């Protein structure tokens, strides 16, 4: 199997794992918070990260991946920034209506596109931009029900969007810059994310819920769901870093909206949540946007791969003195020109960054 085929299969596997694990953990957490009354989201997230780190440590001990240390300041800053972004998203939900919080999540994609265009000189075609607009319109129709604004909530939402965008862009750029895998990056940054939330979580949760996480009555049923949530989170955290590393932050956000549509559908089927024509129309429009996005990304990825192949073939021809001699361009005064080195083609051109 060619390396390009293996990469494509790996990307499909990462996307599938992310969708399945994320939808599973949302349903599990919804039962935990809505049915059992455990509403301490930030603290629960810190437990998720601690379990993820312990699981990765066991995997390292079993030699399932190699530890690759790199710039400590980058790791610490990245881990703390991720923890802060999660805390700000929870605060945004606490200070805003559900509808405005959904608008905050929708704003992450255009903000990411803007930041990558300005600071990383990424190019997004008109077709990609159009498909993203269709997607955001559909998700907005399906999820945004009310828009109650307040100054503090708006500031928190703005900070949550900015920190989330920067953290996800860093997830992609760090893996490329330092040549580390998603597992290696997650293993090194996880403790700092966990500690940030473990320290701040109880205070944020008490502020938002008016309850103390340590005074909560932990029944066997609650503990079972917490354990299930923590175990599923290992797959969620791993697949998040894997998807962003193999594709891009924008693709990860598009995938996140697919999860939202699936959660709405499964919520109606399994938990009998209310469902109306707005949800159906919104999901249909969003799915259209996702299909368009996938189509244009695939087409542009194939175009880049084709251009890379032509460029490689051209450089190989130029570096071969026999070809140059046959065409009369490889010799001057019966002396062959020196062979130039064959240029290396950047692996990222193999459809890795479809949407940038």
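Just so you know, glycine gets a Cβ as well, placed from its N, Cα and C.
Automatic, uncurated: that is what TrEMBL annotation is.
Taking TrEMBL as the reference, the stretch among 44-62, 177-195 described by the feature transmembrane segment is residues 44-62.
Within the chain, the transmembrane segment (151-173) has long-range Cβ neighbours (under 8 A, six or more residues past its boundaries) at 78, 81-82, 84-85, 88-89, 91-92, 95-96, 100-101, 103-104, 107-108, 111-112, 115-116, 120, 185, 240-241, 244-245, 248-249, 252-253. Residues 14-15, 17-18, 21-22, 24-25, 28-29, 31-32, 36, 38, 44, 47-49, 51-52, 55, 168, 171-172, 175, 181-183, 185-186, 190, 218, 251-252, 255 of the same chain, all 6+ positions outside the transmembrane segment (224-245), place their C-beta atoms under 8 angstroms from a C-beta of that stretch.
Across all of the domain 'Sugar phosphate transporter' (21-294), the predicted model scores a mean pLDDT of 91.
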